[in-house]
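Asker: Here's a structure for you.
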Amino acid sequence: MPDEPGGPTLGDCLRAGQARLRAAGCDTPDLDARLLLAEICDRRPGEVHSASGAVVSAADAARFDAVLARRAAGEPVHRIIGRRAFYEHDFVLSPETLEPRPDTEVLVEEAREAMAAIVARKGRCVFADVGTGTGAIAVSLLALFAEAEAVALDISDGALRTARRNAIVAGVADRMLAVRANYLDAIGGPLELVVSNPPYIPHDDIAALSREVRDHDPLLALDGGADGLDAYRALATGARRVVRPQGLVIVEIGVGQERDVAAIFAAEGFILDAETRDLGGVIRVLTLRLAIGGAGSV
């Protein structure tokens, strides 16, 4: 769309947007305004500064005003844009999916190391991603390992549609089977690995979450039951049935849940292999190994 002489510039719009979001109490008003303006004007975020003198069309200025209103009302910037970068890919979002966040990249890194060892030893790796949502974890891992195949499980049909779409864009859809299921109930194994970022917020804590999370992430993907541990109980029971002996489960956990989650898995025959901290120094990921029982070999 050509520039319209006499209209506001990118710099004008950016400054006005930053001030508006700052007044609304947004945590990152400068970044949010820049990302939204870049999206509206079809520019890279860095160009908002480097081309700050470029004139913004009246139509784009109106669209920017509209998305600023949404952000000021609490809608997350990546929900407005409709996608979010995670690991090495952009992932389309939908109302049925969590917005993938940087802390979950810690889980992908742990799974990457585990899968590299499995592939080196066996030449392939079949894994399940439980509660796949956007497919961010499964797609990221499949893109790293051509020898891997994934079963992406979710109870939400809308989430599965989103995961399939992201798998197609990333070029891994032929190695990802998306299945509607409650945790691991729909599959029989044997699997080398199970990964999951399950709901882990205690039910009574939901109301205290930020409005960006509480009002825009699906409750189904947040609510972990009375103590926040319901999903881990279901995962541990299912994993005992479908994981090979010495197979792994790698899960994201909430703050301070490491001992309780490890105990839940220990009751099903898993031993704790590793605790991994997130960018803020919080134990965020547990790696657990099935020491006894497990699914049979093929």
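The backbone N, Cα and C atoms fix where each Cβ goes, and this holds for glycine too.
According to TrEMBL:
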BINDING   Gly131, Thr132, Gly133, Thr134, Gly135, Asp154, Asn197  S-adenosyl-L-methionine binding site
BINDING   Asn197, Pro198, Pro199, Tyr200  substrate binding site
DOMAIN    13-82  domain 'Release factor glutamine methyltransferase N-terminal'
DOMAIN    126-203  domain 'Methyltransferase small'
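If you look at the structure here, what lies around each of the features I listed?
Answerer: The Cβ of Gly135 (S-adenosyl-L-methionine binding site) has 34 neighbouring Cβ atoms from other residues within 10 Å, across all protein chains displayed.
Proximity of Pro198 (substrate binding site) to non-local residues of its own chain (separation of 6 or more, Cβ distance below 8 Å) is seen for Val130, Gly131, Gly224, Ala231, Tyr232, Leu235, Val251, Glu252, given in sequence order. In the three-state DSSP classification, Pro198 (substrate binding site) falls within coil.
Model confidence over the domain 'Methyltransferase small' (126-203) is summarised by a mean pLDDT of 96.
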Asker: In Å, rounded, how far does the Cα of Thr132 (S-adenosyl-L-methionine binding site) sit from the Cα of Pro199 (substrate binding site)?
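Answerer: That separation, Cα to Cα, works out to 11 Å.
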Asker: Measure the Cβ-based neighbour count of Thr134 (S-adenosyl-L-methionine binding site), defined as the other Cβ atoms within 10 Å of its Cβ.
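Answerer: So the number of other Cβ atoms within 10 Å of Thr134 (S-adenosyl-L-methionine binding site) is 28.
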Asker: Within 10 Å of the Cβ of Gly131 (S-adenosyl-L-methionine binding site), how many other Cβ atoms are there?
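Answerer: A count of 25.
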Asker: At a 10 Å cut-off from the C-beta of Asn197 (S-adenosyl-L-methionine binding site), count the other C-beta atoms across all protein chains.
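Answerer: Looking across every protein chain shown, the total is 27.
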